[in-house]
Structure formats: structure tokens, C-alpha cells
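> TrEMBL lists 52-71, 91-111, 118-137, 143-165, 177-198, 210-232, 285-307, 343-363, 375-395, 401-424, 436-458, 464-488 with the feature transmembrane segment. The domain 'Major facilitator superfamily (MFS) profile' feature in TrEMBL is assigned to 53-490.
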Amino acid sequence: MGQIAGTGASHGQNEGPEGCIVALDTCPQSSEKTADDKEDELKPILRKVSRVLLPLLFLASMLNYLDRGAISFAALQMNGQLGLSLQDYGLGSGLFFLGYGVAMVPSTYLTMLYGAKWYAAITVAWGVVAACCAFVTSRAGFFATRLLLGLAEAGAWPSASHLLCQFYPSDRLTRPYAVVCVSSVIAAVFAAPLAAGLMSLDKRGGLAGWQWLFLVEGVPSVLLGMCCWVWLPSSPLTAAMLSREEGQLLHEKVHGSAEAAAAACQPLRWRHMLGLMLDALRRPLLWLLLVVGFLWVLAAFALNSWLPLIIKNMLAGTALTNSSSSGGSSSSSSNSNSHTQEATLLTAIPYVCATAANLAVAWHADRVNERSLHTGVPFVLGGVVLSCFTVLTRLSFAAGFAGLVVAMTCAYAGQSTLLASVAASLDPQHAGVGLALFNAACAAVGGFAANAIAGGLAQRMGSFSLATIVMGVFMAAAGLLAAGLGIYQQCWKQLGKEEDDDIKEVELQQQQQAELRYRLGSRCTSSSLMQIQ
């Protein structure tokens, strides 16, 4: 206000009434400059935040995936030693997601209440449980540890999402989300050679290879959790790397206004949490994204859990007939160890491609400011290719494996854009709750069903043919819904632009008519004066 008045006064003294017009015209420029200044101030602040927040969340998410995904590699040895069938393995894998979904919302509430401290605590917890998986000796123990690991890891993703939403404005979320999302894909790349090396320690120290795998991958999570307890901040206002002014500026920028920022600092109550959940569920876009996410999980989570076993059965020639939970028939047991190593290492290839695709899609989505089509198109392509797995595998091992690579790449190419769409559809106050609901519904129901269905179909049919077709259909359906949403959004955006152009054209015509009337009026006035004279 002071700048506007000052500008108007200075122009008014020098230029009279026309100075008012100049002063009014400079108001938007002054406001734009202020907004640009704030954006310039925000960049170094976000760099400071990213240097601390993103590495810790990246490492935690990577270890989270390693601990969760170790089962898919361990199964190559563990299933045979514990006597687990394909259906048993599918049920155990599904129980993880059941526990994961059940504890999701309570864990998110504790995250919103205690912030980074809760995230650090659950990081330690899942590391301990993952290490305990090494001492499983029975089918019941396998089921119990998978359920407990799901309960421990339930708050990992919503906690990370909540923290990201506290530090990054909604228009800056896609890249941080991509960093966290791609950590799991990168973890899968390193998981394969790491698992191959650890499982080659079979019989060393009186432990099987799969036991070494669980132990070595569980302990680092405990250590990282302790680091997060010390260094991970909960909000810009309490971040040690920011000054008080920087923290306040970022806090207000994230929440959109000083009032909303102040409201976000109020203590959270359980009733308030339920209110936020109900508010989030009133948004139709969230329901649509829930359906997309659920269908995607039915395909991607199952493919992720079963990929090493599928590849090992392909190497043994049993992927389409006589498939087994240990990756080959008993007659091929002499080649079992070599197939285990080969399958474990080959699993890295799809994830290398998925990592590159995930980063590329997230980058391009940010650049063009569009998410839905970037989610839908890869899912449709991946679903179609995965549905053709049986045909491709009958052609050759290379063709079948290439199909799996394309399917996995496409499945994870749109992951970060899907999650960013969920976060962007909600304000920062509802983002943590909305993402918790999204993950709870998709992981608990979708994750459990995905693995149970895949295991049941593989057990009943004696092959992975029908299971891969079902996965492909689910993935393609998710892609079609997301792509449809993207087309609708683009049409709506184009319609809005056309309406804006029409409004501008009408305003221009009105301005021209006003100028014409002014000129005509001036001429009439001049003529009248001449007649009077």
C-alpha cells in the first residue's frame, strides 16, 4: 500500500490527473516484482532443505524397499527349505500389505502428531523386524513376520509424503516425489546384485544365503533411523538449517497464506484427523485416483513380488508349464543354484530401465505441467505388453524377458506422477491424510489381493500364463482411466483458454468502443465550442 500511494503521489505532482493512470498501471508490476522476489528468495531456501531432507528420505525409502523386497529374492532358496508352495508364498506376500494397510491411517496420525521423530522410530522398527525374518523356520513364522513387517512399514510412505508436503509448495512437489519414488526403483537395481552376493554365502557361519540377506539388509535401517532422529526436521519452522525468517517464509508459501500457516501449527486432535479424512473423501478426483491406484497396485505389486520367481522358472523352462515356488522342477535341481544367481542378476535389468523411465517421465511432466497422461500412457503400454507374456515366452526366452522389461519399465514410469497427482489434488493440510487413505486402500486391499490372486492362479494353473494376463489387464485399465482423466483435463484447460481469449477480445472491443466514443465526444465538444465562438 505504501508503494502504491507513494508512486501515485509522485506522478500526481508532476503529471496531474494522468499521473493517477500511470500509478494504477504500475501497481501490478510492483506486485509481480514482489512475487518474483519471493520466488528468488525461495530457491536458496529449498536448496538448503533439499540437501538435508531428500538424502535422508531417499536412503530411508531405499532401505525400506530393500527390507520389503528381500522376500522376492529370498524365495528362490527359502521356499524350498521351508516347504512353501506358490499359494503360501502369495499369501505371505499379501499379508505384508494387509498389515501395511491396516496400520496406515493410525501411523499417519502419529506422523502428523510427532513428525520426523515418528518416522525415525518406524525406520528402526522395520529394520529390527526385517532382521528377525532371518530366523523364520516355519510357514506360520513366515506369515507372522510378513504381517509384522507390514505393520512396521505402514507409516513409511505417508510419513515421507507428509514431510515433503510440509517443505515443498504444490507446484514444486513432482521432482521431490520423483526422488523418493525412484529410490525404491534404484534399490531394486542394487538389490539384485546385492542379493546374489549375499545368497552366495549359503552355509557360511551356519546360515543359509537367504538368512544372510535378511540380516545384512535389516541392520542399516536401524542405524539410519537413529540418524533421522537427530537430523530430520519436521517442518520449516523447526528446521535447523533454516533461519527463523526463512522457515516462516517457506511455511507460509507452502500453506498459501499466513492464516493457513498459523492454523497448521495448531495441535492435531484425533477428531480433527477424522474430519480431514472425511473432507478428503468428499473430493471426486481423489476417488478416481484411488481407483487408478488400486488397479495399478493389482498389477505392479504382484509383478514386483513375483518377478525373480517368474524369471527363474523361465530359465528352467517351467514358466508356462509345471511352475514351482522354488523356480524349477525337482529334476532340474542340479541347475537350481546357477538359475538362482542368474535370475537374481537378470532382475536388475527391468529396474534399471524403470529408473530411467521414472525420472524422465517426472521431469517431462514437470516441464509441461501435466501428470495424468504421463501416468496413463505408460500404464496402457505396459499392460498390453504384459498380457502378451505367454505369446512372447513361447517365441523365445529373450522375447519373454524383453516383455517383462517393458512391462516393469512402464509400470513404474508413471508411479511418481500418479502420487504427485494425489498430493496436488489436496491442500497441504489434507495431503498427508489423503495419501494415507490412498496407500491404505491400495496397499491393504490391492497389495493383498494382487499377491494372493497371482499365487492362487499360478498354483491352480501350474504356470504364470493366466496370472500375467490378469496383471496386464489391471494395468491397462488403470492407464485408460488415467489417460481419460488427462484428456478431460486438457480439454477443460483448452476450453478455459478459449473463454479467456473471448473475454479478452470482448474487453478489447469495449475499450476500443470507449476510445471511439471519447474521440467522437471530443470532436463534438470542439465543434460546439467553435460554433459558440
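Any Cβ shown, glycine's included, is placed from N, Cα and C.
Quick one: where do these features end up spatially?
When Cβ-Cβ distances below 8 Å are used as the criterion, the transmembrane segment (52-71) is approached by residues 92-93, 96, 119, 123, 126-127, 130, 133, 146, 149, 153, 156-157, 160, 163-164, 167, 176, 179-181, 183-184, 186-188, 190-191, 194-195, 213-214, 217-218, 220-221, 224-225, 227-228, 231-233, 239, 241, 304-305 of the same chain, each at least six residues removed from its ends.
Mean predicted confidence for the domain 'Major facilitator superfamily (MFS) profile' (53-490): the pLDDT average there is 86.
Remote same-chain residues near the transmembrane segment (143-165) are listed as 53, 57, 60-61, 64, 67-68, 71, 91-93, 95-104, 106-108, 110-112, 115-116, 118-119, 122-123, 125-126, 128-130, 132-133, 136, 173, 176-177, 180, 232, 234, 254, 419, 423, 428, 431-432, 435-436, 439 (criterion: CB distance under 8 Å, separation of at least six residues from the stretch ends).
Sequence-remote contacts of a segment are chain residues at least 6 beyond its ends whose Cβ falls under 8 Å from one of its Cβ atoms, and for the transmembrane segment (177-198) they are 54, 57-59, 61-66, 69-70, 73-74, 160-161, 164, 209, 212-213, 216-217, 304, 341, 344-348, 351-352, 354-355, 358-359, 362-363, 412, 415-416, 419-420, 423.
Counting residues 6+ beyond its ends, the transmembrane segment (210-232) has Cβ neighbours under 8 Å at 52-53, 56-57, 59-60, 63-64, 66-67, 70, 73-74, 76-78, 81, 116-117, 119-135, 163, 194-195, 198-199, 201-202, 204 in the same chain.
With a threshold of 8 Å between CB atoms, the same-chain residues lying at least 6 positions outside the transmembrane segment (343-363) that come near it are 73, 76, 174-175, 177-178, 181-182, 185-186, 188-193, 195-196, 199, 307-309, 311-312, 315, 327, 374, 378, 401, 404-405, 407-417, 420.
Here the transmembrane segment (375-395) has long-range neighbours at 292, 296, 299, 303, 314, 319-320, 357, 361, 402-404, 406-411, 413-414, 417-418, 421, 464-465, 468-469, 471-486, meaning same-chain residues at least 6 beyond its ends whose C-beta is under 8 angstroms from one of its own.
Tertiary neighbourhood of the transmembrane segment (436-458): same-chain residues 86-91, 93-98, 100-102, 104-105, 107-108, 157-158, 277, 280-281, 286, 289-290, 293-299, 301-302, 305-306, 323, 422, 464, 466-467, 470-471, selected by CB-CB distance under 8 Å and a gap of 6+ residues from either end.
Sequence-distant contacts of the transmembrane segment (464-488) (same chain, six or more residues past either end, CB-CB distance under 8 Å): 288, 291-296, 298-300, 302-303, 306, 310, 313, 319-320, 323, 370-390, 407, 410-411, 414, 418, 450, 453-454, 457-458.
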> Give residue numbers and ranges for long-range contacts of the transmembrane segment (285-307): same chain, 6 or more residues beyond its ends, CB-CB under 8 A.
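Distal contacts: 69, 71-72, 90, 93, 97, 188, 347, 350, 375, 379, 382-383, 386, 404, 407-408, 411-412, 414-415, 418, 421-422, 425-426, 434, 437-438, 441-443, 445-447, 449-451, 453-454, 458, 464, 467, 471-472, 474-475, 477-478, 481-482, 485.
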